[in-house]
């Protein structure tokens, strides 16, 4: 063996040696990143048990910084290691091949690939990147689903469904006891039985026959104030009903608050407007494989994103984008997205896609006065915030490539006119230097055009709730026009226009001063001083000026939003550290 190593060293070139060191440095950085990420995650249960909800938010913000911080650290180390070879494409291609062999069969090989891509991109400033230097599109870089048996435990129903449910709950290890375990188990058993009866007849029949089994994931899913137990009820023929059990830690002890059943209900929990979960696992890709079984309509990038691996989610999304575009009819073209054209963003989409692409315009329409840098800061603010189910998550891409032939002539003309500085056309490719990707929704101002009175009342109720949920999370949307809100397939209202978003506590909410005389009232100029952060809630009514029915429906539930006192009270609560309860499931699903 020593002779073999000696021979290899003697036969190595400088390029071989440097490429090997580059690969080792990136791999060491990846391992350090993953360890730090996991260490923060490991504290989730303790924070839940101690009801340290402010620390929960701090830990989430800290974890969001880990990846970029480690990429920066590795990039600096690599510059020292490589120096003369830093800009040599051949050295990097060799380093990629060596790195690929190093992480081959590694438990987290796909995420390790993404970390290499990120490091290379940080050093090469993205624009010089070629796919030969990246782990992206080739089939060998796409891992196939792997067994997840080591992640789950199964409980037989042979002793009865109620007994199995009690075993399921008592198998969970917490420092805090349940305040009323027997009542929780009885309610959970009855709710799951009824859910199976409605959603999966085969599972329901086997529950009654004490046949089949319950399967659950060993690792809990922590987010905000709750812990979620994920699993499914399975019949022997393979029919199954996924579930997610929400556990809260109340002053009296632990309490089962709700259970979500079926893939559709679980999708609400894993929605794109929610904060990321903390899941105690060193096998995230296998957890994504398992979650894909429970929610087969969810894409892999959505699930990686949900458990906090947001950079790898971008890699998975890019693959998804390329595949779906390639497999769609050639007649499907990128076009301007439905809705009112943005003053700050050019937004486009393609038929069959669930996403929109948003590019910051070169010049903003009046009265917008922000800069590109300020808009980017707003989007970063949202990334760090607790989105409380009311802010759409975004993926930020640099130098994202598209097939030029898939763009409509009309959209191409708009792009050249409004985002020319962000646009590169090279051969058959259209490349965007900077772009945000968001989930596509129906703009609220368009949604209400097709509503009957019942649907209008419901969506206006949720519109106000969305604004109040954001206020409770110390977030003020800024521009609250209906065109800046979207409606999900569940009829839930979320906000997606971030160029004026800010912390609620940065605002100065005021009532409009009374005029002193008729001249002031008739004057076209303001008769009182206004500071840049002054907000006048009484003027929010103008948002409904074109739709009296919508205003009446909104006002019947949320007239308090037009008063400065409401907002001032919210600010006081935020400053006092109050964190409102926001549930990622319907109130009707909560246990009584």
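Heads up, the Cβ atoms here are built off N, Cα and C, so glycines get one too.
Within the same chain, residues at least six positions away from residue 339 (ATP binding site) with a Cβ under 8 Å of its Cβ are 347, 443, 445, 446, 483. DSSP gives residue 339 (ATP binding site) a coil state; it is part of no helix or strand. Look at Swiss-Prot and you will find 337, 338, 339, 340, 341, 342, 343, 358 tagged as ATP binding site, backed by sequence analysis.
In this structure, residue 393 (active site) belongs to neither helix nor strand by DSSP; it is coil. Within 10 Å of the C-beta of residue 393 (active site) we count 23 further C-beta atoms, all protein chains included. Residues or ranges marked as active site in Swiss-Prot: 393.
Cα of residue 340 (ATP binding site) to Cα of residue 393 (active site): a distance of 21 Å. When the binding-site residues 337, 343 are scored by other C-beta atoms within 10 Å, 337 scores highest. Counting only same-chain residues six or more apart in sequence, the Cβ atoms lying under 8 angstroms from the Cβ of residue 338 (ATP binding site) belong to 442, 443, 446. Ranked by Cβ neighbours within 10 A across all protein chains shown, the binding-site residues 341, 342 are led by 342. For the ATP site, whose annotated binding residues are 337, 338, 339, 340, 341, 342, 343, 358, the maximal Cα to Cα separation is 14 Å.
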